[in-house]
2 protein chains.
Amino acid sequence: MARLPDHDPRIADVSEGELLRVILARTPQAELAQLGPGDDAAVVAAPSRSVVATTDTLVHGPDFRLAWSSGYDLGWKAAAVNLADVAAMGARPTALLVALAIPRDMPVSFIERLADGLREACVALAPGCAVVGGDLTASDVLMIAVTALGDLEGRPAVTRSGARAGDVVALAGELGQASRGLGMLFTRFREDGEPVPVDESVLTDSERTALAAQLRPSPPIGLGIVAARAGATAMMDVSDGLALDARRLARASGVSVDLHGDALGPDRASALGGGEDHGLLATFPRGSVPDGFRVIGDVVAADEAFSIRCDGRPVEEDGWDPYRDWDAAAG
Amino acid sequence: MARLPDHDPRIADVSEGELLRVILARTPQAELAQLGPGDDAAVVAAPSRSVVATTDTLVHGPDFRLAWSSGYDLGWKAAAVNLADVAAMGARPTALLVALAIPRDMPVSFIERLADGLREACVALAPGCAVVGGDLTASDVLMIAVTALGDLEGRPAVTRSGARAGDVVALAGELGQASRGLGMLFTRFREDGEPVPVDESVLTDSERTALAAQLRPSPPIGLGIVAARAGATAMMDVSDGLALDARRLARASGVSVDLHGDALGPDRASALGGGEDHGLLATFPRGSVPDGFRVIGDVVAADEAFSIRCDGRPVEEDGWDPYRDWDAAAG
């Protein structure tokens, strides 16, 4: 880096090789990596003879705004949402691959912070998992596509389709916080419709918690394995709101779900409709719910009148597209 | 699809679920998929207890232009370039994950063709491999990020770093064709600097071959396994031109490489500098070169005077950025 411009160099000022070195210097070795970055492909151990794999992309505009998200936030969130999908199968995350498309005028320091966020999310949420490979491309729009790999450690995958009537429905993680954070961004940190930087000094502690849930979510990754070991019959990541995601689980399993309203907290609408919480929704045989999960309902036989019911009333909400809804609210 | 608009619906006209069904209807099951699309993550068998993983992104603008590439071309190329990276490790490609960021005004039919291209590239180049998962996002810029997984079938990975003095350097695939195709696009199918559709009727057979090498490359995927079985000491995908990629292999292995000019064909500059051919460059113990590879040089002891030499003269070219060079040529 000795020959870089002294102050705040841009992507266009450095070669792809230099940018790669900046990122790799911030990337520890994954515990199960057999061959890390630098060759045509990475090699990652798959001790249980299968690999769990998922990919999720964040695109500037629909998925995040640079006025609101730092590089660190973006790296953290891109890792966290993918780790949550691996955890939702009952697997241990082992490795990330990161495809970055970066505008040429982005500061290199932004990408350094992004690499820091990727690393620290792995350390905090899925120790042993780290970036093993990736790709850098120029683009007019900043985009990060992460693929996460995981190992099932000999257990069967916990799918969405195994819930049975008589099971209980349980949740690990928060409901509605991330959407509350996004709501604050849209209502309090825009001017003339455009995002402006967040002034955290005007926020209460509880508001800061909600904002962090939106910008740097901390899904309960380790509880995915705990649930699988405890005999979870079905599990999924709650990314699009409890109502929509519980409906998906119910339909995949051929059952209906009866939620307990008092388990959803005071703001039931946010709990049912808010997206991006990335908690783990799971079903367990009665009496098998492990620590870290709380019971929020019952699995019942498929009922034509409802697939999701809350305190006896069918739930009509069918998920929530935060950008659509917030834009409408502000329009 | 019954409720879609009759004529040429756009992405904005369909739900994410409908678009996903359009794509999945065109996606066969991967041979080693244990759980395909539809859950939080896919599960793919990894019989040899490790997984090869690589990711590569194509962004509209720097990596392709819609005036030149059809949806089919784009899907095919996105698959092919990732399959080549798996093959270059000596592995068998097992599965693809596909992250698509799509402008809302793109026709759904474009995405259908893209899914066709992904599928048919797998069928043609890596039978048994198929799409097992992915992600759809809205974006102002069309982008496709593919992650390819592979299995080493019990063999060690063939890295870039195992070439030894005394080995021969061999190549499977073409040199310079893809850059010749790109050159034709830039010089003959632009108006006022902007890409215009290709009129294939004005092309000779040999020009059509070069164009296909650029738009729908067919790397010799199966020969990656053949090379590994034959005892290749090092291997890599030639994506940035032979000169740069052979230099990378030489440096990783701590050797120098002596290329035979007469093995590079009549257009030596294109052979050394042309990118995107995606052939396989490998080194073998003398006498072990398998069918499908041709000898193009020798591995020699590391020499301070050169890392790559051709017919005794050090090669100075350090790769070739096709868009940069062609834009400059046209400017």
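Every residue gets a Cβ built from N, Cα and C, even glycine.
Taken from TrEMBL, the feature Mg(2+) 3 binding site covers A:ASP40, A:ASP85, A:ASP237. Per TrEMBL, the feature Mg(2+) 4 binding site maps to A:ASP40, A:THR54, A:ASP85. Annotation source TrEMBL lists Mg(2+) 1 binding site at A:THR55, A:ASP56, A:ASP135. TrEMBL lists A:ASP56, A:ASP85 with the feature Mg(2+) 2 binding site. Under the heading substrate binding site, TrEMBL lists A:ASP63, A:GLU276, A:TRP320. Residues annotated as ATP binding site in TrEMBL: A:GLY134, A:ASP135, A:ARG160, A:SER239. Annotation comment: TrEMBL describes A:ASP240 as Mg(2+) 5 binding site. Residues or ranges marked as domain 'PurM-like N-terminal' in TrEMBL: A:38-150.
Among the binding-site residues listed here, namely A:ASP40, A:THR54, A:THR55, A:ASP56, A:GLU276, A:GLU276 has its C-alpha nearest to that of A:SER239 (ATP binding site). With a threshold of 8 Å between Cβ atoms, the binding-site residues A:THR55, A:ASP85, A:SER239, A:ASP240 that neighbour chain B are A:THR55, A:ASP85.
For A:ARG160 (ATP binding site), the nearest of the binding-site residues by C-alpha distance turns out to be A:ASP237; the candidates were A:ASP40, A:THR55, A:ASP56, A:ASP237. If you take every residue in the domain 'PurM-like N-terminal' (A:38-150) and average the pLDDT, you get 97. Cα-Cα distances to A:THR55 (Mg(2+) 1 binding site) place none of the binding-site residues A:ASP40, A:ASP63, A:GLY134, A:ASP237, A:ASP240, A:GLU276 within 10 Å. Between the candidate binding-site residues, A:ASP85, A:ASP240, the densest Cβ environment within 10 Å is the one around A:ASP85.
Cβ environment of A:ASP237 (Mg(2+) 3 binding site): A:ALA84, A:ASP85, A:ALA87, A:ALA88, A:PRO219, A:ASP245, A:HIS278, A:GLY279, A:LEU280, A:LEU281 lie under 8 Å away, each six or more residues apart in the same chain.
Ranked by CA distance from A:ASP56 (Mg(2+) 1 binding site), the binding-site residues A:ASP40, A:ASP63, A:ASP240 have A:ASP63 at the top as the closest. Look at A:ASP135 (Mg(2+) 1 binding site): DSSP puts it in a strand. Considering only the binding-site residues A:ASP40, A:THR54, A:ASP63, A:ASP240, A:GLU276, the residue whose Cα is spatially closest to the Cα of A:ASP135 (Mg(2+) 1 binding site) is A:ASP40.
The record assigns A:GLY134, A:ASP135, A:ARG160, A:SER239 to the ATP binding site, and the maximum Cα to Cα distance across that set is 32 Å. In this view, A:ARG160 (ATP binding site) is surrounded by 22 other Cβ atoms within 10 Å of its Cβ, with every protein chain counted.
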